[in-house]
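Student: Following this message is one structure expressed as C-alpha cells.
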C-alpha cells in the first residue's frame, strides 16, 4: 500500500503544480476568452493519449506503461521549459502547457485507479481506497503551500523544473509498485449472465444506499457507470470553466492568479484530508457508495439551477466558488467510492472500463462543453 500512496502523492504533486501554473499563465497572458480552445485541445489530446495507453496496456504490464508515460511527460516538460524561457507569450506553448497539465490529470487517474483496483479489488472495506486516495490532497497541501510562498519570487521555468524533478522521483518509485499482468481482452459474457462476486459485496450499494443489485450483468453495470460519470463530468466542467473565468476577470497579475489557484486548491486539500482521515471510511463502509455517487452530482445540479435563475455577478461568484469547493466532497467520498465501484467488474472488463471512462467519456464530454462555450 505504501508504494501506491507514494505514487498517488508524487503524481498528484506534479499535477498540482502543472495545473496551477498552466491555468494561471494561460489566463494571464492569453485571456479567459481563449479557455474554450484550450479545453477542446485538451480533450482531443487526452483521447489520443488514452487510445495509445490502451494499445500499450494490451501488450505490456501496467508498470511498463506507467514508466513510459512519465518518461514522456518529463521529456515534454523539459522541452516546454526550454521553449517558454525564450517565447514567453506563445499561444502554442502556453496552450501546450495547459494541455499537458490535463493529460497529467488523465493518466494519473487512469493508472492510480487501475493499480489500486488490481491490488484491493477483493477488499470488503473501502479503507484501502480512501488511504491511497489521501496521497493526492496531501500532495496538494504541500505544493499549494510551496506555490503560495514562492509565486512572487520564482520564475515560471523554475516551477517547470520542479515538475521535472517530481517526475524523476515518480520514475524511481515505479520499481516498488505491485506487478500486474498485461490487460487481456475481456471474456465473452452472456448478457443474461451474472457476475460472480462474494456475498459480502452485497452490503455496499451503488444504486441504493445500502444494497448493490444482487446480480447485475457486467456490461449493464458498466453502462450505468458511464452514464453517471458523463453527467458528473458535464456539471464539473461547466462549474470549473465559470470559476476560472471569474478568477481571470478579477485577478490580472500572473503571481496573483498563481497564488489564488494554489491557495484555493490547498485549502480544499486540507479539508479533503480531514474528511478522509476522520469519517470517509466509516461513511462508505456504513452506507455504501451510493450516497456520494448520487449526492455530489445532485448538489452541482442544484447550484447550476440557482445560477440559471439568478445571474447577478455577486451570486455567480458565490455559486461557482462554492461549486468548486464541493471538490472536497468529490475527492474525499465520491472519488474513493467510484474507484471501489470498479472492483465489482472482472479484471479484464474493469481495466477497459476505467480506460473508457477516464480516457474517452470524460474528454469527449469536456470537448462538447468547450464547443458549446
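Glycine residues also receive a Cβ, built from the backbone N, Cα and C atoms like all the rest.
Copied straight from TrEMBL:
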- 36-57: transmembrane segment (TRANSMEM)
- 64-85: transmembrane segment (TRANSMEM)
- 91-116: transmembrane segment (TRANSMEM)
- 128-152: transmembrane segment (TRANSMEM)
- 223-243: transmembrane segment (TRANSMEM)
- 255-275: transmembrane segment (TRANSMEM)
- 287-307: transmembrane segment (TRANSMEM)
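Tell me about the surroundings of these features in the structure.
Tutor: For the transmembrane segment (64-85), the residues of the chain that approach it from at least six positions outside its boundaries are 14, 18, 53, 56-57, 93-94, 96-97, 100, 103-104, 107, 111, 156-157, 160-161, 163-164, 167-168, 170-171, 174, 177, judged by C-beta separation under 8 angstroms.
Nonlocal intrachain contacts for the transmembrane segment (128-152), taken as residues 6+ away from its ends with a CB within less than 8 angstroms of a stretch CB, comprise 1, 4-10, 12-13, 16-17, 20, 112, 116, 119-120, 159, 255, 258-259, 262-263, 265-270, 272-273, 276-277, 280-281, 284, 331-332, 335-336, 339-340.
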Student: Which residues of the chain, 6 or more past the ends of the transmembrane segment (255-275), have a CB below 8 A from one of its CBs?
Tutor: 16, 19-21, 23-24, 27-28, 134, 136-141, 143-145, 147-148, 151-152, 247-248, 324-325, 327-328, 331-333
